[in-house]
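Colleague: Sharing a structure below in structure tokens format, with a few things to ask.
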Amino acid sequence: MQLSGRRVICVRGGREVFAGLDFEAVSGEAVAVVGRNGSGKTSLLRLIAGLLIPAGGTIALDGGDAELTLPEQCHYLGHRDALKPALSVAENLSFWADFLGGERLDAHESLATVGLDHATHLPAAFLSAGQRRRLSLARLLTVRRPIWLLDEPTTALDVAGQDMFGGLMRDHLARGGLIIAATHMALGIDSRELRIGGVA
């Protein structure tokens, strides 16, 4: 599987964010997108996820599931946790599994993996920032998708949480998955750098 972009142009609010961007990533590879604030790191992830439309150029997936669109093969995890505060941990995860569709895996096992199996009944409003991030990460495990698009994925995670997530990413890559992450911090796994907008 290979994800590639050729001469990609991103325009937001009438402003050109970047132009002529080329990139590629293959199965088993992690790419860390780096650059200054406002250089377009998040915009690139949103373009790949189908949440924005390129103003020019192409983004294509070769070797994925031919019956699914590129966005349908992507997990997009934004820098905000996208949780409903009044819903419990289990209910939030169930909501996302229903919304995403596709092959659904064991939710309790996903919560156990991220260290939240003891808190399934708690409303998300009662979780710490680190716990909310762990719950967001559990989405990646509950519905199987080969491409993970991650925006500042380790935000609010303590050292133990970062180590846990590093293990999840390595497992995903070992199964032939692909990761593109916009980050200001080291991912904690082997990755190739894609720099946007000159020196960060």
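Cβ from N, Cα, C; glycine included.
Here's the feature list from Swiss-Prot:
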- 3-199: domain 'ABC transporter' (DOMAIN)
- GLY35, ARG36, ASN37, GLY38, SER39, GLY40, LYS41, THR42: ATP binding site (BINDING)
Colleague: Within the chain of GLY38 (ATP binding site), which residues six or more apart in sequence place their C-beta under 8 angstroms from its C-beta?
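Modeller: Result: VAL17, GLY197.
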Colleague: Looking only at the domain 'ABC transporter' (3-199), what is the mean pLDDT?
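Modeller: On average, pLDDT over the domain 'ABC transporter' (3-199) sits at 94.
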Colleague: Among the binding-site residues ARG36, LYS41, which residue has the largest number of other Cβ atoms within 10 Å of its own Cβ?
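Modeller: The residue with the most neighbouring Cβ atoms within 10 Å is LYS41.
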Colleague: According to DSSP, collapsed to three classes, what secondary structure does GLY35 (ATP binding site) have?
Modeller: coil
Colleague: For each of the binding-site residues (GLY35, GLY40), count the other CB atoms lying within 10 A of its CB, then report the residue with the highest count.
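Modeller: It comes out as GLY40.
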Colleague: Report the same-chain neighbours of THR42 (ATP binding site): residues 6+ apart in sequence with Cβ closer than 8 Å to its Cβ, ordered by sequence.
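Modeller: Once residues fewer than 6 apart are set aside, THR42 (ATP binding site) is near GLY78, HIS79, ASP151, ALA182.
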